[in-house]
Structure formats: C-alpha cells, structure tokens
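Feature annotations, reproduced from TrEMBL:
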REGION    616-642  region 'Disordered'
TRANSMEM  23-44  transmembrane segment
TRANSMEM  56-80  transmembrane segment
TRANSMEM  86-108  transmembrane segment
TRANSMEM  137-157  transmembrane segment
TRANSMEM  163-181  transmembrane segment
TRANSMEM  212-232  transmembrane segment
TRANSMEM  244-264  transmembrane segment
TRANSMEM  270-287  transmembrane segment
TRANSMEM  361-384  transmembrane segment
TRANSMEM  396-416  transmembrane segment
TRANSMEM  428-447  transmembrane segment
TRANSMEM  459-479  transmembrane segment
Amino acid sequence: MTTHATSIRHGLTNWTTDRDTALLAKLALALGFFVLAGGILAAYRHPAEGSELSIYAATPLAFWAALAFSLLVALVLSLLPTVPSWIRATALGLGVVSGAALVGLPLVRGYYFFGAGDSLTHLGWVKDMVAGRLDPLGFMYPATHLLAVFLGEAAGISARRAILLMVFAYALVPFVFVPLCMRQFTDLRWAVPVGLFSALLLLPINNVSVHLMAHPTTQAILFAPFVLYLLFRYLRLPVADRPLWGRASAWGVPLVLATTSFLFVHPQQAVSLLLVFLTVAFVTAVLRRVDHERGFHVNPPYAQTLLFGALVLFWLPRHVRATGAVEAVVGQVLSGEGDAGGTVTHQSTSLAQVGGSIEELFLKLFLVTFVYVVLAAALALVSFRGWRSTDSAGESFVQYLTLAGVPLGALFLLYFLSGVTRQHYRQIGFIVMLVTILGAVAIVRGASYLSNRYSTRTVTAGLGVGLAVALVLSAAVLYPSPYMFQPTEGVSEAELEGYAYSFDHGADHPYLGVRGGPDRAIDALYGTVGRTTGESPTVGEGVTPDVFNSGAYAAYYQEDQYLVVTTGDVQRERDLWGGLRYTVDGFERLEEHPGVNRVYSNGDLATYLVRDRPVSEASDRAERHHRSAGGRSVGVPRAAMP
C-alpha cells in the first residue's frame, strides 16, 4: 500500500511539474511573439532617412533586444525535450519569424533600395524587362529578375520594392529546407532545431562576394537547400526495378524542374551543384559494381544528372559573359599571370592603415564558419571509418556531400589561382552551404553521444549556449557595417533623385565620382539596355586620390567634367576610413579649388562642375541661388549645368 501511495504521489508531482512547465512555455512563446512584434514595429517607425553608415547603429535598440529575446525563447523551447511537441514546433515557428525579421530588416525600415553596387545594375535589368527592352530568354540568369517582375506586377509595387521582396523570399529558403534536409540525415531528437538555428546563421553570406542583397549568385546559394532536399528525397525512394535511368516519380520530376530553375538563377553556381549531382551519380555507379549491397540502397539520380548536365552545356555557351569568364579563368591559370595573393596583400595594408588587420577581419567573418568546417570534417572522418558497414541512407548522404567537396575544392582552387575578381569567395559560399548541413549533423550526433554520458539537461544547456553565441557572432556580420570596416550599402531616395536631376539637367560632360563613376546609378535609372539608346549620360572614371586631395582639377582634366559626391561617400571616406585615400581636407575644401563649382545639391548628393576656365555668369547665379536656399534641392536652371 505504501509503495502504491508513493507511486501515486510521484505521478501527481510529475504531472504537476509537466503542467507548470507547459504553462511557462506557453507564456514564454506568447511573450516572444509579442515582444518580437513590438521590436518590428519600433524598427518600422524608425525608417531609414538618407545614408546610414551602419544599419545596426541606425536601427532602434528595441528591435535588437526584441530579436534577441525571441530567438532565445525559440532556441530554448525548441531544444527542451520536456515540453509538448506542439510547443517545440511553435518555438521553431518563432525562430523562423525571428530570422525573417532579421533578413527583412531593410524592408521593415523602409530602405529606398539596398545594395549600392551590382544590385543597382540588377535593378536596371528588371526595369529593362518590364519595359520590354530585355528578352529573358536571351539573358544569362533571368530567374531572380523575372520573380521581381512578377512580384512587382502582382502587388502593384515598384521594381525597387519588388527586388527587396525577392531577396527576402530567397533568404527564407534555408530556414525551411535546411531543417528538412536534416531529417534526411538523422532522426535524432535535436535534428530539426539544430538545423534551423544553423540555417539562421546564414554562414554563406560572407560579405566578400556573397551578399544579402540583389545578387543572383547569393540567391542561388540560398536556393540550394531546396534542390538538395529534393535530391535526398529522391535518393531515399525504393530502388527502381528497371535499372540504370530509374523512373519518373513524385520527387524525380520536381527535382528536374528545380535544377532547371537553379540554372536560371545563376549558371556559375549551377556548375557547382552539377558537381554534387555528378559525384552522387558516380559514387552510386561505382558502389553498384564493387559493393552490391551498398550500391542498391539508394535510388540513383542518373536521369536527373544527365538532364541537368545537358542543360548546363546548352545554356552556358549561348552567353558571351559565361564563355568569357571561363576563358579568363583558364587563361590566367595557364599563363601563370593570376595574382592569387595580391588582393589579400593590398587589403591587409589598407586594414592596417585604418586600425584593423586581416586576421581580425577573418575572425569576424569566418570564425563560426571555421567551427562548422571542423565539425563537418570530424563527421566525415567518423563516417568513412565505418563506410563498409554503412547501410543507412543518411550516412551515405554524409559521404556523398563529403566526396563532392573534392571537385568543389578543385574548382575553388582554379578560381583562386586565376585571381579573377573574387570568384573563389563565391565558391566558398556554395561550399559553406553544404558545410552548414554537415556541421549541423555533426552537432546533433555529438550531442546525442554526450547525452549518453551526461544528463540531457546539461547537454541541452551546452547546445543552447553554443548556438546562441554562434547566432550573435553571425548576426553581427550579416550586413556590411563599420564592425567589418565596410559601410552599409543602403541607397536613399534623395541620392537616386539627385543623380536623376543632375543627369537630366546636365550638359554632355562625363560624370566623375569618388572611387568610381556613377555607372551603377545610370544602370538603375535608365536600365542597362536603355542606357545604350543615347539618352543616358556619359560615364567618367573615379577621380584619383591625388587630384582630389590636391585640388588640381583644372590642371588634370582637359575638358569639362561633373564630379558627383554623395553623403555616403563622405561618411565612408571621412568617418569610416579616416581619409585613407580621400582626405577630409579634400572634401572640406572642394569648393575652394579653382575651376570647381557646385551646381546642384539636395542634402544627400552634390554635383560639381569641374572646368579649367572661369564659370559662366549663369552658373554663378545658380550657385548663389542654391546657397540662398540653404542647401535644399532647388530647381537649378539648365543653364547652370553647361
């Protein structure tokens, strides 16, 4: 009787404890969603106005506090094994929404546009497609642009806003499909939450050549987990009785469509993905010959690989940009003219001059990635130690992705040795997406192993702390900022309007800029095809630091030029880099130099007429009129810009 009573008391105690835990979890979840909504509202009510040196500093602290709280709640509750499964699932949903708030911050804060380099050119291409000037079938990577066109037409929004929505949509893909991929590798208890929070790190975004903005190579890398998930599901199908080319299936057909879509997102990354498919097909074929038992427990993707390869070989030679890039890379390697270390040396010198170092920057950008690489390597070693006894599809997937690293690494080495721009960093981005999955699998298996030696509570706590630290370190480098010695690449409305006004009211003189001409702005305003019609202005080069700092414009330029200076230029050169190339004195004394006259300014952009003779009376009147207007955007007469 006593034993029975004790058992009842223990049961009641456990029931009460579980009920209290569930109640606290519900309250924490509700509070997490509520606080996150408040943080998003705070960011929304603090829109980006003008140029911002740092999106982190310009965003209200309330948003960051709310984001940290919601992610912490989601992380803790999704890892706890003692709460009901529906609470863990809801916590995962909170994690996805929190990640969406982070990657959607430029949308929330109402950035006029985000991305001051390639993204402006992609905006021009979208405008060309909308205007019917650019045929998508004749374009090398039309998928992201067509999606932006569709979003713009369907929602009735501008091309600028549609592009930001497109970037946001692609950024969400890993949050859904990395956890789903994890389920194909293992059924262990922490697979999905660890997969989600590993995806939230967005490790492929290295801000060297992979950026969270309109940049098709980035969108392709973020799209990769979706294609990999379909591949893993197809491989798990029962092996077809009909040999060699398999059969059409509910997963095989979508896989073909997904790889086709991937090619149109970015062909360069499609080549990398094709190497993964070729590795899987080749290894499967070899195993079927040498190890009958292992070779026949996955469904071989022969037909999908063949079709994908045929599409790549058909599409790439049709585009001069693709063939030209291949010729440049191969030519540089074969000639031995590639300068693999030149860029690193130059950047090291520049970083030292602004108080940083290449080692510091590497730690900030790649520390978490390096940890995941080590974990993935450890997983691969353990997996291959017992490869002969492996009869698990998940274990085979680990080995497939590991072996795919061989051709992918060779391609990275080819890019690196060629020294052609920063192509090798793009390759790193794709490889890191695979590493994210493998590293997450390693974490789950390691945690499962440790839970057999230590208490589940201890392992869960360690897992949570590790992922939380990784989230903080990764979130800090998701967007360019002074933390990584780069400015945030927001583009204000006043800046683009200033360019438009200057171009429309200026004479046929070349336009100069700081560190480069306004080529990207012309793309964004006129379209890359539209600018060839003769209606767009003439693009000059960037004014050299020597000329800018000395003010010897009249002696250097033999014909009239326009010099365009934005607030972002001043913030970057003066506040961030301390006059490293373009000195503070050069900006402050710009109008004091002979032959330099400001003819337009709207607060975010100023246009100067640079000439080697006295300015006209009309130009002088316009300058006095502008000064009397207190620097506001005024209707400068056309005569003021000869």
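Using N, Cα and C of the backbone, Cβ positions are placed for all residues, glycine too.
Because TrEMBL annotations are produced automatically, they should be read as predictions rather than curated entries.
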- Of the listed stretches 56-80, 137-157, 270-287, which one has the most C-beta pairs under 8 A with the transmembrane segment (396-416)? 270-287
- Same-chain residue ranges lying at least 6 outside the transmembrane segment (137-157) that approach it to Cβ under 8 Å: 122, 125-126, 129-130, 163, 165-166, 169-170, 214, 216, 219, 261, 264-267, 319, 321-322
- Query: Can we call the transmembrane segment (56-80) and the transmembrane segment (23-44) in contact, meaning three or more C-beta pairs below 8 angstroms at a sequence separation of 6+?
  - Reply: yes
- Considering only Cβ pairs under 8 Å, which range in 163-181, 212-232, 459-479 makes the most contacts with the transmembrane segment (428-447)? 212-232
